[in-house]
Amino acid sequence: MKTVKDAFDVFKNKLAPLYEVTEIESIASLLIEELTGLSRTQLKAFPERGLNVVQSERLLTQLSCLKTGMPVQYILESAHFYGSDFKVNPSVLIPRPETEELVDWILKTIGHQPYQKILDIGTGSGCIPISLKLNTIDNEIFALDISPKALEVAVANAKLNNLDISFFEADILNHDLTARSLPEFNVIVSNPPYVTETDKQQMHQNVLDFEPHSALFVPQSNPLLFYVAIANFAVTHLVQNGYLFFEINESYGPETVDMLAAKGFADIELRKDLAGKDRMIRAVWPG
Ligand code: GLN
């Protein structure tokens with residue numbers, strides 16, 4: 001691989017069985033951009049630009065990782081989300097575009113109101129609280145996760161952005177969370193594990209092989225496990241007219257809405273993502 005064009009050709013050849021051509025182009029581009037410091041447009045404009053031996057060896061190593069199915073974000077240890085770059089590793093899910101839609105809905109809902117207390121449950125890389133903090137003023141943001149390794153990533157991401165967010169380790173399924181002295185929140189948000197055994201068949205092998213199962217899967221017998229626990233917590237920890245936001249499994253929209261209604265939540269709105277699937281819910285706690 002002596003030139004940028006060679007590199008693109010080799011990637012197209014070797015990854016053809018695994019990915020679509022356009023996907024290969026964007027994966028190769030991300031890696032070559034990082035390697036050379038050139039933009040995607042520059043790579044397109046100067047395909048004959050040379051690569052040195054070190055660069056070409058690095059790309060070959062990355063290519064062999066890609067061939068095992070490793071997502072490019074884990075290779076780069078970086079993922080783009082809501083206008084920022086986040087550090088990621090296999091201890092956290094790679095942030096998804098549908099979660100950007102959820103963040104967008106929260107921001108539109110709370111607008112420019114300051115002094116909001118917001119809690120994210122199951123924060124992973126911290127992409128939700130960090131994006132909320134970056135796009136609001138004077139809000140106090142809290143985020144929890146059961147995984148210390150995920151929290152390390154989230155804390156690092158907050159530090160990279162110089163943000164003050166209170167991260168803590170806790171298990172939403174365990175009652176010790178209610179024993180903590182936490183403030184009342186204006187907003188509670190969560191994108192908990194929601195993939196069931198049935199959904200597994202449709203999942204990409206690289207998600208199954210590389211992303212943390214504890215962040216993805218919920219028992220088939222109890223698909224609302226996390227939603228019920230979070231709703232119960234929200235009932236005692238939301239201010240009057242506070243908001244609960246969920247990212248949900250597309251197959252359980254109406255069930256989740258009914259569960260929230262039965263607990264006394266009001267103004268429950270179920271929204272589809274850009275792919276047209278039931279993906280998020282906003283509900284108000286009337287107090
Ligand atoms: N949307 C993710 C996926 O399909 C799942 C996220 C989750 O379980 N919270 O891989």
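In case you wondered, yes, glycine gets a Cβ from its N, Cα and C as well.
Among N174, N186, N191, N206, the residue that TrEMBL places alongside G122, T123, G124, S125, G126, D145 at the S-adenosyl-L-methionine binding site is N191. In this structure the C-alpha atoms belonging to P192 (substrate binding site) and T123 (S-adenosyl-L-methionine binding site) are separated by 9 Å.
The S-adenosyl-L-methionine site, placed at the center of the C-beta atoms of G122, T123, G124, S125, G126, D145, N191, has further neighbours from the same chain whose C-beta lies within 8 angstroms: V92, L93, D120, C127, I128, P129, A143, A150, A154, A215. Sequence-distant neighbours of P193 (substrate binding site): residues of the same chain at least 6 apart with a C-beta under 8 Å from its C-beta are G122, S214, A215, L216, F217, V218, F226.
Non-local neighbourhood of N191 (S-adenosyl-L-methionine binding site): T99, L102, G122, G124, I128, F246, E247, each in the same chain, at least six residues away, with C-beta under 8 Å from its C-beta.
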